[in-house]
Amino acid sequence: MPNFEQNQVIAVGLSGGVDSSVAALVLKEKGYEVIGLFMQNWETDSKDPFCTAEQDLSDAKAIADHIGIPLYVVNFSKAYWNHVFQHCLDEFAQGRTPNPDVWCNREIKFKSLLDHAKKLGATHLATGHYACIQNENNEYRLLKSNDSHKDQSYFLHLLNQYQLANSVFPIGGYQKSEVRAIAKKRGFINHAKKDSTGICFIGERKFKDFLNEFLLAKPGNIETSEGKIIGKHDGIMFYTVGQRKGLHIGGRPDAGEAPWYVVDKDVKRNVLIVVQGYEHPLLYSQELTCTNLHWIRDTEPSFPLTCKAKTRCRQADQTCVVTRLDNDHCHVQFEHPQRAITRGQSVVFYLGNECLGGGIIN
């Protein structure tokens, strides 16, 4: 984390979780003037049993009081709906699998929230992300966290130079275990609070039930890769490539007991295509194309580019060669076949510890 002048005001996005809480504490103990910002991105009924926003706000207030910083509540639900949620609905409707966290970081946390922090007099916005920012002659690099298991650079790959220049990740150099230990030692009420998982606006409710509230499901056939109908699906928007659960196919006399997996979605025919066995060859691909390219540095890399890539956040880095197709498309050739490459997800590129940027798999 860079050293700033002691009289600078830094705003911290306090979510009620342990990571942002310790991020605020680290800044406070370094002598900065810290203010907390709690985002409300989703309008919910206070009686909604699946929404944790009320408890999260209560935890954020308790932490702010404990540390001794002011906390402001800001509502970005309209911006979130327009710039994140509507985009996700469009992607689901077209049979793709979007990543809301990627868009939320670019459009809400490091845009709307950063702008709000500036209006309050803050010079920078800090969050509890596990990532690092390095300034090299006023060019900002996004680096992986010291905790490889918690690294979140994948979700931050759409950030630009302005956003990185005005952001701080105070716990990027910490291990998650260290963060929890600090929180416990300081008596934070959320020191053992579990990490949030899944899609933020769905919470713990069933994905299918939630999506049904906004999109019209169209049931259709489930076919094998040979074109044989073996079942019915509830709507292809509910499924993603590599998925096993929820197919309700089971073992078949003519196919044995090996489980079935989604291998593709034929949107035009409204057909879900499946194959049998986790290691089925059709679940693997050695190449992909991507669009909506974004490079974090102002100058994009030279092509063809030999680097590492991830097609999902917890995947180990994979060696690949990236080739420019046009201004907005790249071809990615992997050294080894990759399982369950999914349209709508992000492919993110790395050179060593540096996140270069990425694109959307299509």
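Cβ coordinates come from backbone N, Cα and C, glycine included.
In three-state terms derived from DSSP, Gly13 (ATP binding site) belongs to an extended strand segment. What Swiss-Prot lists as ATP binding site is Gly13, Leu14, Ser15, Gly16, Gly17, Val18, Asp19, Ser20, Met39, Gly128.
Under the DSSP three-state reduction, Cys104 (disulfide bond) is assigned to helix. The disulfide bond feature in Swiss-Prot is assigned to Cys104-Cys200; the stated evidence is sequence analysis.
A sphere of 10 angstroms centred on the C-beta of Cys104 (disulfide bond) encloses 25 other C-beta atoms. Per Swiss-Prot, active site, nucleophile is recorded for Cys104, and the stated evidence type is sequence analysis.
According to Swiss-Prot, the feature site 'Interaction with tRNA' maps to His129 (among others). For His129 (site 'Interaction with tRNA'), other Cβ atoms within 10 Å of its Cβ number 27.
According to Swiss-Prot, the active site, cysteine persulfide intermediate annotation covers Cys200, on the basis of sequence analysis.
Annotated site 'Interaction with tRNA' per Swiss-Prot: Gln345 (among others), in sequence order, evidence recorded as sequence analysis. Spatially close to Gln345 (site 'Interaction with tRNA') yet at least six residues away along the chain are Thr97, Pro98, Asn99, Thr311, Arg312, Ile360, Ile361, judged by Cβ distances under 8 angstroms.
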Could you tally the C-beta atoms, other than its own, that fall within 10 angstroms of the C-beta of Asp19 (ATP binding site)?
26
Grab the ATP binding residues from the record (Gly13, Leu14, Ser15, Gly16, Gly17, Val18, Asp19, Ser20, Met39, Gly128) and give me their largest CA-CA distance in Å.
16
By a simple count, how many Cβ atoms lie within 10 Å of the Cβ of Met39 (ATP binding site), its own Cβ left out?
24
List every residue in the same chain as Gly13 (ATP binding site), at least 6 positions away in sequence, whose Cβ is under 8 Å from its Cβ.
Ser20, Leu37, Phe38, Met39, Lys109, Leu113, Leu125, Ala126, Thr127, Gly128
